[in-house]
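What follows is a set of notes on a single structure, which appears directly below.
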């Protein structure tokens, strides 16, 4: 390596013990002869690097930063080991990319993490792409192989190699999945499922856990996937190599045996495995040696279920599977058979060994034989046979050898049966082979397996080198440049050492055949043969039984006689020896030559066959790399990586590429990239000559490059040199641009500062002047203010003093006046009081004196009376007195009696008077007491007043003193008030300030409240919008789900049609292979397994070959499908019969109703006809009378026009006409009302729902139930059905009485009495019900009578109204009649609505029908009026002619009678078409053929009206509806739908055809809606269009079917557009440079990349825009609805955006700043196209939002946290995975750009962690937005449509 182009600060690679290679910078320039270099490491450490004194080789140079992370290692300018290692590390660690190209090799690094890069979307993205156009991927290699197989008609091979744990099996699995997907959907093709199902089987029996890999393949396999002529998978074949049989009997620590053993042990508890007699894996020797029976995260029981499912899918039935498991369990039991020593030369197995017993039972042999031959061996000579005992060690080895041999046979048997399941009888056209084999392995001590593995890798490496040189030679010859042989490592000497005559394998075979061959003798033969003759063979110094082979990758030590090592390099702890000289395949079971071959010979032969197959195919290489030994995700160990890179040949590829011309540019790419290095005069029209001239100037050594026909070839390092020149040139240009711009910026900054300074000075001076003037004004104003302020203060003080003096005087004078007034008032009151008191005292004295006198008189009089009484009493007691008194006693008694009476009377009077006096006295006393009390109070008050007066005098003195004190205090208070006022003013000022602040806070709070309310409003609006959007999203998802189901249904129908064609072709001719849509696999095998009868196997194979004449799986699938179809047909037939029965019943019911309604209509029609006939007769009679009157008056001049007679005749004629019209209207209205009322009554009776209660009366236990039953029976009997059947109650009673024979049983516990009571209650209820029913009948009769009376009244009222209308003019009369009828119907409707809503709905229908009838009557009357008016005019004219003829005397009356009645020729009106087309039933096929199948859309779209076929079909359908022919309607619609499907299937790739029928199908659907009679679709119809509505059939279901058909056509249209646009999108949107010179082309590797320069035949953005315009114009010509066009355009733009973004995410070379600018420009052009077409509001722009944000992401700054926040807020339409992917793929095109740091990407991931989104990386390009068909009525009248003759539809007749 020479540093000729690089001096100081050159970056180099130096060796390092830990990191293998370390980066450093050169501190000083290198000079020839220097022995060391001064370097500085990346961490800043300065070191001195010594150069090799012998070679003087300089360190490797580092590539420019813009080349780091390239997809192809050959694109690196410096190709060497450190560059390759660094590039892989950067891609793997920083960009998380596990795939990298190295020329023709795909390097795959195992990430030890599940990546979302293998889904169906990724497969679709890579399908059909060139290998260099997309980022490296296993799918790209698989696509390249598939494409070359289809293009070159040559078989392909994918060689996957690598060491254990590198991911070989997974890579091979993904490659096969890709083939299964692109050649046919994995969910449909049974063969693809079988191919993929072979993987779990082979993993179970051939994979095991090692220390490097939990699922390591311990065998090599080559799978040939067969394809037919259409390149669809038809079968597969598997070949296996070098199964590691030693693992069956021995495993190292932390390793396991094959998975199948642990799966069986884990499932041993299940019932079906009990006969295997298994237990835990730790109980068996062959599964416990590794001491790691469990793999974390793996459930062996579930894995066994998966394995068994795979067996079943491949046709290995349950009996075979159990046989396999028996053999596997027998191997485990065999390993536990313990062999013991009998003596030194013999051994024995103890009797009754249960493991051996289980083994014998499982394999079907005897215990005695097995125990015998495990401890003995048989020796055969020419004449005799000897049996020799075996020592324990040899017997144990024999046991293990038997176990390995059984497992190997079992393995081969399974592989054979898997191949039989994958084979097919269809001829294989080509195949793709996938080779999954070990990579080169070397350990401290290697076993025979490693020897064979390395031997196979030597052969593969030789084939790889030859293929690389072949490609290089073809490239150089194609470009016609001279080339020379390159010195490279040749593998042939090493291969000869192994496989040539007397090679290692030959000597090994020879030693194995020797009777007493030993390891030592074989090693000596090797030493003697190869030690001195072959430099690749070496002998270790310290061993005589080992040897070393120098392979292409590394040296390998093989030692004989030592314990074998595991593939991980760890020595086993116990047991097991694998010697190179062991004769493991010496024939025991068979005497055939095949079984006598050694393992080495067999492997050599199979390897030769493999190489022959690979040489006959085109190889593709995948090298799997294991990044670390600890299975850490995205952890890179440079040592392990370099070791594997050397071993797998990647570095050899790099060395070969570096030896030639690794860098290759087309002339156009070179010119575009290095245009900056050319001067204007160097640019010539011939770019090839321009590039030649420039290179001769830039690179002096012409050996560094070569010119080919289309490319320029460069040696290694030359591109870096050119990049350095380009970067220097750009750097100089940038410096100049920066200098100029900085100068301009500084000058602009200076001018701005100068202008700002001048402005500041001007404003400052003005400000100072204004301040001076302001100061002067303030000074003058202050003086004036002081003057007036002082004056105001003094005036205010004077006025305050004056006011205080006046107040004091006023107060004092008022006080004195009040005092004087009080004194006068007191004196007057005292005098009055004295006067009153003295009067009161005098009166009191007088009253006391009077009372005393009266009392005194009373006392004296009482005393005298007592004395008199006492005297009388004494006299009465004396006898003498008594005797005196007796004389005349009687008279005295009478007198006394009389006197007593008088006294009593007087006494009573006195008493009364006394009582009155006493009462008055009491009252007066009370008054006096009150007065006395009052006077006492007054006296006390007077005393108090006197006392108070004294106190007042004292208070007056005190007040005088207080006044003087108050005056003093007043002065003090005035001073305080003054201070207080000042403080208050200050406080008021402060409060004003606070008030202002509070007002400001209030305003702020109000503003905040308003803002919050606005925010809440906006939040609510956003919430509502989000909910609305969510609802719309849910609706769209549901619609999309439904349309996807329709698409799936259509696809299944097509598959079903294909299957029918296959069946038809198989019945007609020899069966050929066709893909089927069956998702079922054959679970039945053609074979039966019996482990005890091995000899039957050949016979069964022969039988299988005989019966394999047809495709069994296809037949089974067809049979199953046929059975399903028959079942479906039977179910549909049953359903049809049920529907027919229901229809017949409904039809019968409708017929009865229709007959009744039809009878009413016929009655109405007959009445109408009779009225018209009578009116016509009357009219004729009137006309005859008029004629007679005219003829009778002809002789006179009375008939002349204008004469009175003429006027009278005209008036009579007009009145008769008017009367005729009025009578007609009256009769028709009355008749229609009667008929409508009958229909309403009929509907009311028929629409009543009968309620049937079938509950048994005997079950009614309580009164509530009896009441409920009564109500139910009453409601039931009210219905018409039970009115007609009154005997059902008696039936019920008869049923209740029918239990009489069982009275004895019923009478238990009094049940009969209860029943009797129940019957009585029921009878009473029924009697009550009958009475209620009679009353109901009477009420209904009364109501009917009332209705009849109302009808009569209504008729009378209408007659009156009609009589009133007779006085109106004819036009007003008709309007009045209509208005009256509308009012009446409205009132009836409201009444019905109030009474019964159900009846109201029926009434509305009747009213609508009546309105239609009235409108028809009006039209007929109008026509009759016009006709009569015309006749009137004719008669008037005739009368005029007759009058004129009579006056002139030229005609006679007889001639007038003989003339015809209508002598004038009335012109005939053109036929009034109804917008219908009539055709015969037999012409239906011709109609469909001419109108659909053979119609050319281009001619119809250009020459005829849009949607003409749809209109024609609908007009035909209208006629079928008009004639009430349901069969014709059904067949026409079915034929139309099937024909459209047929034409789409035939010409579905033609956009014009699909667009044409989409437009016509939508128009047909809109016609069905517009003329359906539904009010929702009739809003925009004209009156004539409403007349054309369908009258007999409701085609709502067919509308749904046609809508589904339109959806299918729309999806076909989108698919057709996608197929057209797909090849244009990537080239036009990404690769083509719309803005020339912006994007820089980076150096490319061996893989061709699509050029961004537009060549002939490449697509550009203009191509896309032209195609979009073509799509748009075609749809517009076909009359497609504008809303539908918007949806199509939206889908187009979604496809463009999704495909562009997906390719951007999968192409590292497209993720740059300049490409982002190109994308944004292209998107702006698309938006401009939308704007030109008026489609900006269709939502198409929003579909490009993810692409726009990805382009913005490429252009924004990506460094700081603020940038991360901006990116997170900007990229809302991108998912986190997409954002991270773009940032990882971002690649600088120039050195001035910087890569995105890993920390920045981690920051983005952290910020986007909370996003709830799908982890899917790519957009779904197959997603179709749900389509809607908004109703679009047509204004075109059907009767105006003319059928052109070019359609050949002459058999259609316009109606």
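Backbone N, Cα and C define each Cβ position, glycine as well.
Nobody curates TrEMBL annotations by hand; they come from automatic prediction.
Of the candidate ranges 607-629, 630-652, 653-675, 676-698, TrEMBL annotates residues 607-629 with the feature region 'Actin-binding'.
Of the listed segments 484-521, 522-559, 560-597, TrEMBL assigns region 'Disordered' to 560-597. Residues of the region 'Actin-binding' (607-629) grouped by DSSP class, helix first, strand second and coil last, total 9 helix, 8 strand, 6 coil. Compute the center of the Cβ atoms of 162, 163, 164, 165, 166, 167, 168, 169, which mark the site for ATP; besides them, the chain residues with Cβ within 8 Å of that center are 110, 213, 216, 217, 439, 624, 626. Most buried of the binding-site residues 162, 165, 167, judged by other Cβ atoms within 10 Å, is 162. In terms of DSSP helix, strand and coil, the domain 'Myosin N-terminal SH3-like' (7-59) has 0 helix, 24 strand, 29 coil. Within its own chain, residue 169 (ATP binding site) has 199, 203, 207, 215, 217, 436 as residues 6 or more apart in sequence whose C-beta sits under 8 angstroms from its own.
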